[in-house]
Amino acid sequence: MVKICCIGAGYVGGPTMAVIALKCPDIEVVVVDISEPRIAAWNSDQLPIYEPGLDDVVKQCRGKNIFFSTDVEKHVAEADIVFVSVNTPTKTQGLGAGKAADLTYWESAARTIADVSKSDKIVVEKSTVPVKTAEAIEKILTHNSKGIKFQILSNPEFLAEGTAIEDLFQPDRVLIGGRETPEGQKAIQALKSVYAHWVPEDRILTTNLWSAELSKLAANAFLAQRISSVNAMSALCEATGADVAEVSYAIGKDSRIGPKFLSSSVGFGGSCFQKDILNLVYICECNGLPEVAEYWKQVIKINDYQKSRFVNRVVSSMFNTVSQKKIAILGFAFKKDTGDTRETPAIDVCKGLLGDKAILNIYDPQVTEDQIQRDLIMKKFDWDHPLHLQPKSPKSAVKQVSVTWDAYEATKGAHGICILTEWDEFRTLDYKKIFDNMQKPAFVFDGRNVVNADELRRIGFIVYSIGKPLDAWLKDMPAIA
Ligand code: UDX
Ligand code: UDX
Ligand code: ADP
């Protein structure tokens, strides 16, 4: 029986290994992590991450051919293939601070592999890392190997949260990069045979190590760039009276452009896009390519601009102040169908409103009060460190913030509502009931274009939708970005 061990039981490692276990009954998978609470949660009925379909998959194979453990050394030692799926935060100090990837956790995982291995192993890079990390890891492993042979592969994961299980069941492609030597090719084939249990052969692409590593950064940069492009258009639409949804639809009909990833929003979030672009920028700068670095930096600048533009719109519409005004925040996760808040635009929007002394009442169907409080006090980039190193959340952390478990409760007595995540339930709320319980004039700022703005206007709301023609009210109160 082939044995797989995955170091890192996070958003990538957990679901990916669960699907490998489900699809490959002849393989034993152990997912290990240094975080005891995280492993305990994987072994319980309350999994540490919310992901549609994940519970089912885990239930089907947990205890049969997938196990979750904190005994990193034992399971790494026993494995034939070791996946490394640890966090790679952005550096906050030293060389490359604010841009470069901090490979501390990766290096520590690599040293553990070198220390405990007694047999040859394939080591698979699953976390997104800078180009040429595999080479560095190879050096650590071979210089500490005691004669054991390691083959390094890069096998970046392209799943998106909220659709992780679907994406893993039917990936657009699986990418495997390895050395061009006979041993490297043999390792590629071994990993390919794992995925071949369920992925059609023509969707498994093989390449060299660096191309695989760079493809992941490039894919995320291209996706984020589409969002920043459409968000830049949204500002122009508001200024000219065009409708960004119609523009997106029209351009998406061009088969060279395609219809996906063209939804204008309050900004993209998630653990990958910003981090990977910063990383790309840093690599370009290090390679003497400042023009290329500047090009990609702009994607992040527009994303920041979009978030501050939204805050400015809220404040300017409400007579240039939200001081002591109650604002309901509907949605805090970075997208629907996940409880993940890493780099969610809601953090910057809430901080912006709090900066103007607003009182926030937040509701998200999947995010806990503790998480929200922690996010609002945490320093930039701190979120990507293991949980036990993150700041605890004192109950009184941000006093002007309260968290409720119901959209109606959150909006009661509010002056305005900001919709920051596109949860389906926000489309079908009883907005008449909500309007009746709010202060007047009552505002809705739809950062995800989920509500029917005309219907809400008929109820009496003043509605701002990203990239759509503005109400007379909003035209009279121009936002200054
Ligand atoms: C373009 C648009 O495609 C068309 O829809 C619009 O109506 C007019 O402008 P055109 O300029 O005729 O059409 O040719 P196009 O095929 O778009 O190529 C434009 C330039 O981009 C060419 O120099 C082409 O060589 C270059 N190109 C195109 C690339 O460098 N790489 C590519 O992948 C595609
Ligand atoms: C992304 C990539 O899609 C995935 O391939 C990679 O493996 C990890 O990073 P993820 O961050 O989970 O996945 O979610 P994604 O669906 O890409 O959304 C990222 C952000 O962009 C979200 O905040 C989302 O709301 C936003 N978004 C997405 C838009 O604002 N508009 C869109 O049209 C699409
Ligand atoms: P991703 O979104 O890439 O999956 P996460 O932050 O969700 O990232 O998960 C990474 C996991 O890796 C965390 O649970 C963290 O505790 C774990 N981890 C980090 N370093 C090590 C290590 N050296 N050994 C085992 N687990 C580790």
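Yeah, the Cβs are placed from backbone N, Cα and C, and that goes for glycine too.
Sequence-distant neighbours of Cys272 (active site, nucleophile) (same chain, 6+ apart, CB under 8 A from its CB) are Thr128, Asn220. DSSP assigns Cys272 (active site, nucleophile) to coil, not to a helix or a strand. Residues or ranges marked as active site, nucleophile by TrEMBL: Cys272.
Its Cβ taken as reference, Tyr11 (NAD(+) binding site) is surrounded by 23 other Cβ atoms within 10 Å in the chains shown. The feature NAD(+) binding site is assigned by TrEMBL to 8-13, Asp33, Arg38, 86-90, 127-128, Glu161, 272-275, Arg342.
Taken from TrEMBL, the feature domain 'UDP-glucose/GDP-mannose dehydrogenase C-terminal' applies to 328-453.
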Helix, strand and coil totals (DSSP H, G, I; E, B; other) for the domain 'UDP-glucose/GDP-mannose dehydrogenase C-terminal' (328-453): 42 helix, 20 strand, 64 coil
Where the C-beta lies under 6 angstroms from ligand 3, the matching recorded positions among Thr90, Glu161, Cys272: none
CB contacts for Glu161 (NAD(+) binding site) [other CB atoms within 10 A, all chains]: 25
In three-state DSSP terms, the structure that Asn87 (NAD(+) binding site) belongs to: coil
Residues among the binding-site residues Asp33, Thr90, Glu161 that border ligand 2 - Cβ under 6 angstroms, in sequence order: Glu161
